[in-house]
Amino acid sequence: MEEVRVFPLTCAVQNYAWGKNGLDSEVAKLVIGGDPLAVIEDGKPYAELWMGAHPKGDAQIKDNRIAQTTLGQWIAHFPACLGSKVKDTFQGQLPFLFKVLSVNTALSIQAHPNRELAARLHAQFPEHYPDNNHKPEMAIALTRFQGLCGFRPVEEILGFLKCVPEFRALVGNESAEELRSSMGDAVRTSQALKKCFTRMMNCEKKVFVDQLNMLVKRVTEEGAAGKDTSSSNGDLLLRLHSQYPGDIGCFSIYFLNYMVLDPGQAMFLGANEPHAYLYGDCIECMACSDNTVRAGLTPKYIDVNTLCEMLNYSPAPASSKIFPRVQDASDPCVSLYDPPVPDFTVMRIQVPASVKQYTVAPVDSASILLVIEGDATATSAAALSDVTLRRGTVLFVSANESVSLHITSPSGMHMFRACCLL
């Protein structure tokens, strides 16, 4: 029988505690859209949808004419589906993991190692660092999305050191003064910033818990008295403290940029970039790895020394962390999020209501297509039968295959597609 090379997937859901519950979760809405028979439980968190072949969440193939049950098994049998360049560059593996995240409470402050550090950490501590790959990632907002990303401009950090005595107490006067006097010298600033952050992260628990309690009490009282607490970043502080009381990560808001992404905006998190997701729903694409170095806002293993050593201590404004989307030259419906790593590119496909026939163009890479909005019938020479696309459908498309859509929804289609453009 002729090989089927385009087929729908049933994807793994991760029910991590930080996820949004029940149908508040974009993940749950997509799951039930793609499979109306799926059962969504009200009080259960639906945190992540994994679309890919990662061993911890290998997608199931939704086509009973295919002998293999999972995407990972199928790619192992038919590695040519990856495209010849991708197959050779990434040793016959799908190089990316595509996700949807629905964040209700903050994820840990973390960074991901580069390849060299990942190999070293994996060799030394395989129980904490499960593979030897780097993990650059990109988040694209589906709803208004809040996060922390990268070190703030020094002026902002100095402002908090001045206005938040509890924060200054953890950093110490000497380090704070060093940061202030380093202004204008990028190398010295980076060293001083590292010293300040490392001092804070290595504070004795009793010291930082006492300071945090004092800060929370002060901000709460000022807020109750009708005072403006923005100079202490009061609202965010109280929210994080309510989620992770007594956690050193609550102080990270004075070091890291607070980001609010509108739907369609993205941030790219390269190696060693400190970040945390706080609230909202996003599409995420990353290199296929599970390596995370954590530093707070988490009950999980915290590796403070590795984190403080590895971070990129380059202060920059929040606006510089927004990753640009570029219009595709050949297709007005497509815009590209093309990060400075080879492992993945994400395309946003928005087909207007006036267009009823649309072709998903072939690329020289396996790709995964997710439908966010809209209905269509998909036909492809490589599918052997029509596939119904609706909100939540996930389609695997082998390299160099095109898919023709006959769009039936009145409002067009909104899709995201992950691939690897070498």
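Using the three backbone atoms N, Cα and C, a Cβ is placed for every residue, glycine included.
Annotated features in TrEMBL:
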- 6-154: domain 'Phosphomannose isomerase type I catalytic' (DOMAIN)
- Q110, H112, E137, H275: Zn(2+) binding site (BINDING)
- 170-256: domain 'Phosphomannose isomerase type I helical insertion' (DOMAIN)
- R294: active site (ACT_SITE)
- 336-377: domain 'Phosphomannose isomerase type I C-terminal' (DOMAIN)
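Sitting within 8 Å of the Cβ centre of Q110, H112, E137, H275, and not among those site residues for Zn(2+), are the Cβ atoms of A111, K135, L269, E273, T292. In sequence order, I109, Q110, A111, G147, L148, C149, G150, L256, M267, L269 make up the list of same-chain residues 6 or more apart from H275 (Zn(2+) binding site) whose Cβ falls under 8 Å from its Cβ.
Below 8 angstroms of C-beta separation, residues 9, 30, 33-34, 51-52, 75, 81-86, 89-90, 94-96, 98, 100, 134, 136, 138, 140, 142, 264, 266, 268, 270, 283, 285-288, 323, 325-328, 330, 386-422 of the same chain, each at least six residues beyond the ends of the domain 'Phosphomannose isomerase type I C-terminal' (336-377), sit close to that stretch. Within the same chain, residues at least 6 positions away in sequence whose Cβ sits under 8 Å from that of the residue listed as 'active site' are S108, I109, Q110, K300, Y301, I302, D303, L307.
Counting Cβ atoms from all protein chains shown, H112 (Zn(2+) binding site) has 25 others lying within 10 Å of its own Cβ. The Cβ of E137 (Zn(2+) binding site) has H112, F268, L269, E284, C285, M286, A287 as same-chain neighbours under 8 Å, each 6 or more residues away in sequence. Around the Cβ of Q110 (Zn(2+) binding site), a 10 Å sphere holds 25 further Cβ atoms from the protein chains shown. Residues belonging to the domain 'Phosphomannose isomerase type I catalytic' (6-154) score a mean pLDDT of 96 in the model.
Across the domain 'Phosphomannose isomerase type I C-terminal' (336-377), DSSP assigns 0 helix, 22 strand, 20 coil.
Per DSSP, the secondary structure of the domain 'Phosphomannose isomerase type I catalytic' (6-154) breaks down as 40 helix, 43 strand, 66 coil.
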